[in-house]
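Only one structure is covered here, and it is reproduced in the block below.
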Amino acid sequence: MHAAEKKVRAFVRVKPTAHFAQDVIKFGPDNKSIDIYIKKDAKKGVVNNKQTDWSFKLDGVLHNTSQELTYETVAKKLVSEALTGYNGTIMCYGQTGAGKTYTMTGATAEYKHRGIIPRAVQQVFRAIACSVDSFITVRISYLEIYNETLCDLLSTTTSNDMQMAIVDCPQGVYVKGLSIHSVSDEEDALNLLFEGETNRVIAEHSLNKNSSRSHCIFTIYIEVRSRVRVLSDIRCINSKINLIDLAGSERLSKTRSEGRVLKEAAYINKSLSFLEQIIIALADPKREHIPFRQSKLTHVLKDSLGGKCNTVLVANICGEALHVEETLSSLRFATRMKWITTEPVVNVTYDSEETVKTLEKEISLLKQELAMHDSLVNRSLVTYGPLTDVQVAEIKSQIHKYLQGAIDEIDIMNFRQVQEVFKQFKLIVRQQEGEVETRLRSKYILIDKNDFATIAAAQKVMADQAGVYVGELREDRTKSLISGRDLAAHLPSKSQVTVPTKNLDVKEKARNEDTVKNDAQPSKPVSEEISQRSPPSKAVAFEQFKEECGSEINRIFKENKSILLARRKRSSTVARRINIIKQEMEDIKKALEAQRQERSQQGEYVDEKGRLIIDEKEFLLIMKLKDLKEEYRCSYAELQDLKAEIQYCQHLVDRCRNKLISEFEIWYRESFLIPTYVQNALKPSGNIRPGMIPINRVMCLEEDEQERFEQMQEAMLPTGPDSVAFYKAKMKTDQKVMSAGHSSLPRARTGCEPGS
Ligand code: ADP
Ligand code: MG
């Protein structure tokens, strides 16, 4: 999850003073640049070609800036990004007395003057209060580095210095042995901050430390656990905010000569000089090795400087001319920091153990839900666990009975059973395949189709015997054909009915249609009834269908279609409107840009609080743009809704169309293709129920009709395919009864009977 490349941001904060050196320090109008002028001093013999003017461009100059505005400018964004998983580091750098501690911790006496640490703590806990569906934990540590020794400012034991060590691990750097304290609210966290400050002061006195030579790192660790809804995964975001109050950056000058002081000087605090080296190395894209381990400070900050972290530097400077050298070196340091590019990334992990736990919880919840559902529909005996051996055996026995025909149905209670049934069927199929093959092998020699050599050999053997076999075969087949015909001709009642048409092939039948009709003269009533109404064309019939039986579904179809049409129209109107709004917004943006350029050319007006003043025209443009944005948003939302509706309507229309067509097909077949008397019989008042069609009527049909009718009857059987055998048997019985000589047939096809 790579974010765009960023630069380290660097600000300069000027400590207020009554003796501000106006001639030496000058601020640019953009609040971002700062110029330093040093007067050439003839007496001190400054060589003419030495540089005496410097210009620095930073991300902001905080001059006469309140603690609140400082926080907003420097820290607010970084803290809010930390809540989404980005590590953040804020460092205060500068000579002793320039306001580092004031900026970082602030004056503890007054709330208004609190610094970045207490404000960051507040922002974090406010965010927690507002978050609904994530669980956030906050922990805190406070580390001091003094003369290359680590000191836990929040330790409950006193002798911990020796037990601490900086450890590198794939997740980053951490200080082993440093106490990290969970805090449940803002007050808790602030208690720890103040406790740390107190410990620092005590150490300063009792151990004779000079607090200006120590680095202090206050760290807020944030862990946000949230549930990724779709996957039930627990997403875990870990981040930390390092808030660093560095040791004083004042330098030991080697000589007191002004010209040289500005060039050569060593830090009092050696670790700061390593820090500076690191900064230079980090800013060089070609540098591969960065010597983080040179000092405790740089080692601890390894993953907090540049790299995958949001980094901000505040250079604290004094405004007096006296301090100009230190001011210069602080500004140089800040400029170097700005060269560093960073690539902040979200520190996210997925907690599989937690995920399993939530899934388990969800499963038990779903089981409860199922149990409730079952009890509501009186299915109280259903269980949803894996099947027991007994249950599997029961399913197996049922399937065998089903295949043998002993039972018609297999009990199905839940999904696992369905799966088991299929599994058992698969087993049986496999088993039978095996059995069939064994049986075949026991009787025949099976040859692999790809085994050409064997096939050729077998063919040769067959060719040798061909004469005999072929002759026999031909004779046999002819015989069987003849006997088939003879058999048909001599079959009892059924064949008497079927023979006349059965032996005509289709073409012949078509050619002889007229003759057949003529021949069928005596059976005129039947033929007449079948061809009474020659079917109308489907197009004509469809119109009729829509008027009559299909009127309701046609109405619904039409209604859905008109709704769809209306939504489509509305959608294109809205889309057009969105385009117009977009164009208008573009125009206003251009106009605003022009206004802005004009303003910057004419010089900008700023009120006493540093806010920009704009003219009425620009103000109106901004307001108009705001309105347009709102309108755009609303229209866009409407368009999205409409799209969803259109999709749904389209689906309905398609379904209606299909229904209309399929109903029509059925109706057409029933109305025109089935003989009228069957139609009548099939009517609700008629004497035929599907599957119970009296055989005498079936017998009266033409052969083709009868076949079709049997098919239809099978398809319409009331209890599904299981009952086919039953009805077929019943039909045969009826047939036998009839052929035993019932003469009271309503429509005896005497005309077709041979010999009539
Ligand atoms: P450092 O930590 O850099 O040595 P401090 O933060 O202790 O410097 O500041 C020295 C003194 O100056 C403190 O009394 C502090 O209250 C005061 N001070 C520093 N910066 C400001 C500021 N911006 N506004 C008001 N007072 C300040
Ligand atoms: Mg300080």
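Heads up, the Cβ atoms here are built off N, Cα and C, so glycines get one too.
If you check TrEMBL, you get these features:
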BINDING   GLY94, GLN95, THR96, GLY97, ALA98, GLY99, LYS100, THR101  ATP binding site
COILED    575-645  coiled coil
COMPBIAS  504-517  compositional bias 'Basic and acidic residues'
DOMAIN    7-340  domain 'Kinesin motor'
REGION    493-537  region 'Disordered'
Residue among binding-site residues GLY97, GLY99 with least C-beta crowding, 10 angstrom cut-off:
GLY97
Taking every protein chain in this structure into account, which of the binding-site residues GLN95, THR96 has the most other Cβ atoms within 10 Å of its Cβ?
GLN95
Where the C-beta lies under 6 angstroms from ligand 1, the matching binding-site residues among GLN95, THR96, GLY97, ALA98, GLY99:
THR96, GLY97, ALA98, GLY99
Could you check what DSSP calls GLY94 (ATP binding site) once collapsed to helix, strand or coil?
strand
For LYS100 (ATP binding site), which residues in the same chain are close in space, meaning a Cβ under 8 Å from its Cβ, but six or more apart along the sequence?
CYS92, TYR93, GLY94, ASP245, LEU246, GLY248, VAL314, ASN316
If you average per-residue pLDDT over the domain 'Kinesin motor' (7-340), what number do you get?
87
Residues satisfying Cβ distance under 8 Å from ALA98 (ATP binding site), sequence separation of at least 6:
LYS15, ASN316, ILE317, CYS318, HIS323, GLU326, SER330
Can you give me the same-chain residues 6 or more apart in sequence from THR101 (ATP binding site) with a CB-CB distance under 8 Å?
CYS92, GLY115, ASP245
In sequence order, those binding-site residues of GLY94, GLN95, THR96, GLY97, LYS100, THR101 whose CB lies under 6 Å from ligand 2:
LYS100, THR101
Cβ within 8 Å of the ATP site's Cβ centroid: which residues qualify beyond GLY94, GLN95, THR96, GLY97, ALA98, GLY99, LYS100, THR101?
LYS15, CYS92, TYR102, SER212, GLY248, ASN316, CYS318
Let's check the environment of GLY94 (ATP binding site): how many other CB atoms sit within 10 Å of its CB?
29
Secondary structure at LYS100 (ATP binding site) (DSSP, helix/strand/coil)?
helix
